[in-house]
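Asker: Could you have a look at this structure, given as structure tokens, before my questions?
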Amino acid sequence: MSGPILIFDSGIGGLSILDEIRKVMPQQSCCYLFDNARLPYGELEESELISGCVSLIIEQAMRINAGIVVVACNSASTLVLTTLREQLSIPVVGVVPAIKPAAKISKRRHIGLLATPGTIKRPYTKQLIDAFAEDCRVELFGSSELVMLAEAKLAGTAVDMQKLELLLAPIRTSELDTLVLGCTHFPVLATEIKQSLGQSIILLDSGKAVADRVLSLLKGNGLPKTASNKVVDYSAVFTTDDIAQGLKKRLVEEGFTSIEPHSSTNLR
């Protein structure tokens, strides 16, 4: 049997990726690691993000003898995938903003990317747009505050619609017909975003594509096996800081049976 999937994000927005994975692999063991001590990632310096993420993910992957790592964070994926793939012997899957499918379906040839400021400014994002949406008008909208709104919603707090309306105001005045949710936190707010922008707008995220990629890898023959002497809770959550009771409740509802700290000297 291959080891559990290790899903990583700065917060619990990566649960949107986990949900898609469970749709296609309901019996697959998963562990979740989130670096809530440094949330939100979209405002971190690149050097800090890279050094912290790489050490954190590698340590936890080795600790649980993971069979595959999913970096369920756009901000991190744009920076750390190459290094992780060089240092880990297991597959590493990242999240790519759904620019390509958005360009294919936009009738107006006018799309938007809603992401963290970090993802918006990365050269990789521009490369995606140049490669797959050259014939489209692409508008970029960056927000870290939406990340915290999503975190609050997952903890059981009602979404502040007045604040959401203010944050989405630049999009509402645009004539785009397709909006890419380029942060794994943002699908959590999909209902509220549609309520604000109108039901006709098409929202796209990368969750299904990531799940399909993971399934494809698990069906292959190259995944390492867990050592027989390794014992791990296959439904564990690991955190880098304390979490609110509301978030703990949500994680239990997601089926996780233990929540414990990740101990590391390299987090800060």
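Glycine residues also receive a Cβ, built from the backbone N, Cα and C atoms like all the rest.
From Swiss-Prot, here are the annotated features:
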- Asp9, Ser10, Tyr41, Gly42, Asn74, Ser75, Thr184, His185: substrate binding site (BINDING)
- Cys73: active site, proton donor/acceptor (ACT_SITE)
- Cys183: active site, proton donor/acceptor (ACT_SITE)
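Any idea what these are sitting next to in the structure?
Answerer: Same-chain residues at least 6 positions away in sequence with a Cβ under 8 Å from that of Asp9 (substrate binding site) are, in sequence order, Ile17, Tyr32, Leu33, Phe34, Asp35, Val71, Ala72, Cys73, Ala76, Thr184.
DSSP classifies Cys183 (active site, proton donor/acceptor) as coil under the three-state reduction.
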Asker: By a simple count, how many Cβ atoms lie within 10 Å of the Cβ of His185 (substrate binding site), its own Cβ left out?
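Answerer: His185 (substrate binding site) is surrounded by 32 other Cβ atoms within 10 Å.
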Asker: I'm trying to understand the geometry here, so how far is the Cα atom of Ser75 (substrate binding site) from the Cα atom of Cys183 (active site, proton donor/acceptor), in Å to the nearest whole number?
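Answerer: Rounded to a whole number, the Cα-Cα distance is 8 Å.
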Asker: Roughly how many angstrom lie between the C-alpha atoms of Cys183 (active site, proton donor/acceptor) and Tyr41 (substrate binding site)?
Answerer: 10
